[in-house]
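Here is the structure we will look at, set down as structure tokens.
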């Protein structure tokens, strides 16, 4: 009896601890969801031209069509012309795409966490993870991850508000802080702060507890990591432009200094990011194409922006105009090819890993390949049968026409008037 009472007390204590962990996690998740919704609402409010509200459109950071020659500390000074050249930055459409794409991905993250909370609330899931309530919720997102995500989205909202008031230097500084926080958020969300072997074992153990939980922390989580990687890649490239914006509006620089700074910063961050993806994050999510897709999108945006910028302000470059233009195209082209090669290497290594381990994903891929080959064979056979049938029909038609021509030839022979001669 005493042992049974002790077990009941332990059970109640564990259930109470799990209840507290669940409530704390739910509060953090709700705060994260509210922050994301408020950020999306701020974007919409800052995009609408109203008499009351934000003074300016937040995405109109630079306008290359007009050059301001009165202000001195809002751009790059060009001594020979006595004017001011706008700083290299994404134009309005690219800025709108970046912020709204980020908000949409974070809305998906909120939906993912919400579904995870519903699945974790099942009785058999709670019974299986009795005494480790914090662990079951960390399978979706740990409390630290949610906290970093909330701070990151709040800082990005502050960037939107500051941009709407045209405080460019403050916006760049806040964005760089946002970049540092979302980097930690991205790392914790991808790996949960555990070793890759532990990560795989946790996913595998969830298969015997609940199938929906296993799919959520396995396949669905991998999809969310890929979506977040797309956005983070563009965030990384945007950080180099914000860094150039901060330098250009804080110090006296020449025209080409900011362009070179942006290219060098982007190149260094891209190299570090590719190495981290290949040797660290790929241990958790093997097929992580989102990072490369995001980099290609970001480099495409940067390439078009840089080309337009250099073409518009060609006069301000002086004798180094052609060299700077060639350097911009060369650096961006080399890194675009490097990103494509890294993506091919990742695909090859992922396929070799799944083939060596004979995983379910590899089995599904092989089954899909066999189905495609079978369908192609069926199409070829049907095409050959149709071809043979058409040839038979053509031959039959030709034979019938030949017989008809012979009959016509016979009936065309008429009597010429004599008994021995027939005229055609």
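Note that Cβ sites are derived from N, Cα and C of the backbone, with glycine treated the same way.
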Topological domain name match (Swiss-Prot): residue 123 vs residue 252, membrane:
no
Do you know which of 95-115, 116-136, 200-220 Swiss-Prot annotates as transmembrane segment?
95-115
Which one of 73-93, 262-282, 367-387 shows up in Swiss-Prot as transmembrane segment?
262-282
Counting each residue once, how many in the topological domain 'Intravirion' (188-226) are helix, strand and coil under DSSP?
30 helix, 0 strand, 9 coil
Six or more residues out from either end of the transmembrane segment (227-247), which same-chain residues have a Cβ under 8 Å from its Cβ atoms?
61, 87-90, 98, 101-102, 105, 108-109, 168-169, 171-173, 175-176, 179, 182-183, 186, 189-190, 253, 257-259, 261-262, 265-266, 269-270, 273, 277, 281, 288, 290-295, 297-299, 301-302
Using DSSP, how many residues in the topological domain 'Virion surface' (248-261) fall into helix, strand and coil?
8 helix, 0 strand, 6 coil
Please tell me whether the transmembrane segment (144-164) and the transmembrane segment (24-44) touch - that is, whether there are at least 3 C-beta pairs under 8 Å between them, with each pair 6 or more apart in sequence.
yes
